Amino acid sequence: MGPHAGPGMLLLLLGFLRISAAKYVRGNLTTKEDWVFLTRFCFLSDYGRLEFKFKYPEAKCCQNILLYFDDTSQWPAVYKKDNKDCLMKESVIRPENNQVINLTTQYVWSGCQVIKEAGQSYLSCNSGRSFRSVRERWWYIALSKCGGDGLQLEYEMTLTNGKSFWTRHFSADEFGILETDITFLLIFILILLLSCYFGYILRGRQLLHTTYKMFMAAAGVEVLSLLLFCVYWGQYAQDGVGNSSIKVLAKLLFSASFLIFLLMLILLGKGFTVTRGRISHLGSIKLSVYMTLYTVTHTVLFIHEAQFFDPAQVLYTYESPAGYGNIALQFLAYIWFCYAVLVTLKHFPEKQAFYVPFFAAYTLWFFAVPVMALIANFGIPKWAREKIVNGIQLGIHLYAHAVFLIITRPSAANKNFPYHVRTSQIGIMEQSTEKFPHHVYGNVTFISDSVPNVTELFSIPSSNGSSAGITKPVPYPVTLGQCYSQLTSDSHQVISPPLLNGVPGVQKVPVGETQLGGLQQLHAPQIHHQNGFPEYFSIRSAGPQPM
């Protein structure tokens, strides 16, 4: 996907977006139908209130506002039932429950009166209705005129729950969403700041790898998404409408954060930046195809939700073919993740300290997303679903980010730290399939962020990759009368030179040669690259060469 695909996709989605039927709704309806749906709202059991303003030509009299609730004998029994006509749909209404508002001057509670505009008579109705029920319920508002010549209505409705800023314009299934989003925003800001601090430490140690940068990017996008959600819901709390474009952008960023994090997990499972420096060409193609497919299904999911979801039904995002396709892709990603981790552990068993908790923690995460979607579709009551799903979804994202932040913290006490190869070593690899040397963890060498560890600088790596002290002196070339010292793991220890011609430190000087002239050239220690890239420098000496 090219660099301009992101803005283009955003404009496409915004173009598909329809104006949301918010808790303040207005419109102008003209249709040949005799029964139509207007809007829905989830009222509290005691504080629900509908304020309305209706106006229509007196010649179109008489029209009715019908109030259905979510009982199986009410709204589900009439909506999209082609075998029922207008009268049958009105018959399920219980007049004793005041579920009918007759828009005429004869019905006092409708507040209707005849007005004149441009020589034409109109019925203008301004009034309200309170709602009482045994629990929170979805209420559906419809307009009818059975046996007439169609419907015509100019309407304006305000649906509220109490007078508090946190509840007034919110449907009962949305209670707590704004507070929840604000709380998680603050938590994710803390996670982002901690990840930036850890990234600064890792950069100083040349351990700030691409996968950790992806984690920081995912956390940053998550923060931006939650910020936009808070802006949307805050504006919605004030006017009951909100800015739907901000909500769509927030959803896009939320999905982008999820996709970045998912890609990072698959890359880490394959050992990228932990046991290998690059992904093979075939692996890169597979990842590109998979992420493209996942992005397309997410896009289709957004378009389907915005364009094809029926506002007269309470639907969840994943209640669509694209939603179930997303769940299937999530399971496919988990299978890929399992295979990648097992292969990595097979070749690098010393990385079990990282990969075992990593695999266990994110197995729960991989299953949490589709299980949440299935429970939301079939197990949570519709009048409470949106607020519950919002909290669970944010909790799942928080779990994923918090676990990664903990297991990758750059602390000497962290035995799960995954990185041991410096970023400067990855860039000089010659083959894309070349693996890192077998080494447990570079984290055990963390002593200071700013001062080099001189002891490790002059240590010699053993065959298993760990640093070992020098037990035998390395015979540097010496000449007559030259005292020489040998470095060991204790930088202050001086070792006497070996026996030279049977006399310690003494050798005959050839005739005609001064002591100074007999000195042979000493060569600086050279750093030799072995197979892979050892973490520490080692000292090697060159043989004596004549002047």
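Using N, Cα and C of the backbone, Cβ positions are placed for all residues, glycine too.
Look at Swiss-Prot and you will find 2-22, 182-202, 214-234, 248-268, 283-303, 325-345, 356-376, 388-408 tagged as transmembrane segment. According to Swiss-Prot, the N-linked glycosylation site annotation covers N28, N102, N243, N443, N453, N464, on the basis of sequence analysis.
Structure with Swiss-Prot features highlighted.
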| residue | record | Cβ neighbours (10 Å) |
| --- | --- | --- |
| N28 | N-linked glycosylation site | 10 |
| N102 | N-linked glycosylation site | 16 |
| N243 | N-linked glycosylation site | 15 |
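Here the transmembrane segment (388-408) does not lie next to the transmembrane segment (283-303) in space: the count of CB pairs under 8 Å, restricted to residues six or more apart, is fewer than 3. Reported as a whole number, the C-alpha separation between N102 (N-linked glycosylation site) and N28 (N-linked glycosylation site) equals 19 Å. Calculated from their C-alpha atoms, the gap between N243 (N-linked glycosylation site) and N28 (N-linked glycosylation site) amounts to 21 Å. Sequence-remote contacts of a segment are chain residues at least 6 beyond its ends whose Cβ falls under 8 Å from one of its Cβ atoms, and for the transmembrane segment (325-345) they are 262, 265-266, 269-271, 274-275, 290, 293-294, 297-298, 300-301, 318, 351-352, 355, 358-359, 362-363, 366-367, 369-370, 373-374. Against the transmembrane segment (182-202), the recorded stretches 214-234, 248-268, 283-303 differ in Cβ pairs under 8 Å, and the greatest number is found for 214-234. In this structure, N243 (N-linked glycosylation site) belongs to neither helix nor strand by DSSP; it is coil.
Nonlocal intrachain contacts for the transmembrane segment (248-268), taken as residues 6+ away from its ends with a CB within less than 8 angstroms of a stretch CB, comprise 9-10, 13-14, 17, 210-211, 214-215, 217-219, 221-222, 224-226, 228-229, 232, 274, 279, 287, 291, 294-295, 298, 302, 306, 333, 336-337, 340, 358, 362, 397, 400-401, 418. According to its DSSP assignment, N28 (N-linked glycosylation site) is in a strand.
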